[in-house]
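Asker: Annotation source TrEMBL lists domain 'Major facilitator superfamily (MFS) profile' at 49-482. Feature annotation from TrEMBL assigns transmembrane segment to 47-71, 83-106, 171-194, 281-300, 340-358, 454-477.
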């Protein structure tokens, strides 16, 4: 009858006893996911991760930047007013805002990889549908759906962050900006060729190709080991870490992977937990302001080029002089982009990587907070400099520097947000921040494309003031994440 007590135990009791014995074996070594990631180090797996997950930036940039090069054409085709053209961009970011929170919540509960795949399928599907839009209303609705899908692309950054060793995050994550730059240059280059020949509908179809191709290679990237361990799936986390160690030619730490599962994952109230409340509020302000400035610069660039607002210039737009193209003879009498305008857009876009080396040094030596404060302050200054009477070359130079600075701002806040929140709420933290970010992006078109037409200096002062607020907010952030290990839970 010695086995009677064991028989009386229920299944839950047996499981608890078994778990306790596993968690506390006498004299057995254990290690965490963070210790395993640091021990395995950087290698072939991380290069593959960087190339595949980084390429999500190409697809995202092409879908987002698409509106800047298509807006004049749809405005002409459907005889739209300025506010209607601005509304297209606003609705793209409205879709991004709504879906960003939902997808972040789902990613913390069901996995980063699944949501990333779903978001790419969603964005590609609605992007292709947009190219067949029969009217302005359908175009706006379908682009809003595309924005919703693109919001899930942030999971690629989270996966990269959770696999990278601490000392490499400050270097590898900013380098991902190269992919956004590539996507931006690619869509501008394609627009200069496709728009005047086969039209904007074909441009949209071509722009969806990179996203479709990426879906095919996602299978080479595993689910985040940090996510798996947070859900109690120790076997999957261990298998992933062993695979990475094998690819990198490294050895796993000695002992058994041991980290308690976190039942509380992806909860909104965790974002306003006393430990993170102030950080969350300030991050939201910064994200909103950075997006407002970033998309303000992009759309203001297009507005300056479209309207030829170079101080003191009385010459007709470059594309009208000696240009016998179909665009210049448009019966709608629209100011459409010509070769010179596309060239200027390419030059200013290249600026997005101009400060990348300095940005990387600042992030790693000055820290995330001070680096962001400095670049935000400089962004405010260059917005005001746009009001100076200058030549076309001078205007291009100012736009070049502005694009470099706003890009550096985005680099830093992306890294900071991914590092400051623990695994149990990292995707939700990124999702809500991305959502607030799109509020700024939604307002930007009306400032760059509507207010700027009425008051140039007023629009510039507004952009500059927001950047100053963000600089102060960045400087006073309560947590510095430089050299800090990723947290697992609150």
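Cβ coordinates come from backbone N, Cα and C, glycine included.
Note that TrEMBL annotation is computational and uncurated.
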Asker: Six or more residues out from either end of the transmembrane segment (340-358), which same-chain residues have a Cβ under 8 Å from its Cβ atoms?
Answerer: 68-69, 174-175, 177-178, 180-181, 184-185, 188-189, 191-192, 301-302, 305-306, 317-319, 375, 392, 396, 399-405, 407-408, 411
Asker: Suppose I define contact as three or more CB-CB distances under 8 A, residues 6 or more apart in sequence; do the transmembrane segment (171-194) and the transmembrane segment (454-477) meet it?
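Answerer: No, since the transmembrane segment (171-194) and the transmembrane segment (454-477) share fewer than 3 Cβ pairs closer than 8 Å, they do not count as touching.
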Asker: For the transmembrane segment (281-300), what are the same-chain contacts with Cβ under 8 Å, counting residues 6+ beyond its ends?
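Answerer: Tertiary neighbours of the transmembrane segment (281-300) are 65, 68, 89, 93, 372, 376, 379, 383, 386, 399, 402-403, 406-407, 409-410, 413, 416-417, 420, 429, 432-434, 436-441, 443-445, 447-449, 452, 459, 463, 466-467, 469-470, 473-474, 476-478.
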Asker: Using a Cβ cut-off of under 8 Å, list the residues of the same chain at least 6 residues beyond the transmembrane segment (47-71) that approach it.
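Answerer: Answer is 85, 88-89, 92, 116, 120, 123, 127, 143, 146, 150, 153, 156-157, 159-160, 163, 172, 175-184, 186-188, 191, 195, 200, 203-204, 207-208, 210-211, 214, 217-218, 220-221, 247, 298-299, 301-302, 337, 345.
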Asker: Short question: which residues 6 or more past the ends of the transmembrane segment (454-477) have a Cβ under 8 Å from it?
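Answerer: Hits for the transmembrane segment (454-477): 279, 282-283, 285-286, 289-290, 292-293, 296, 300, 309, 368-370, 372-374, 376-377, 379-381, 383-384, 386-387, 409, 416, 440, 447-448.
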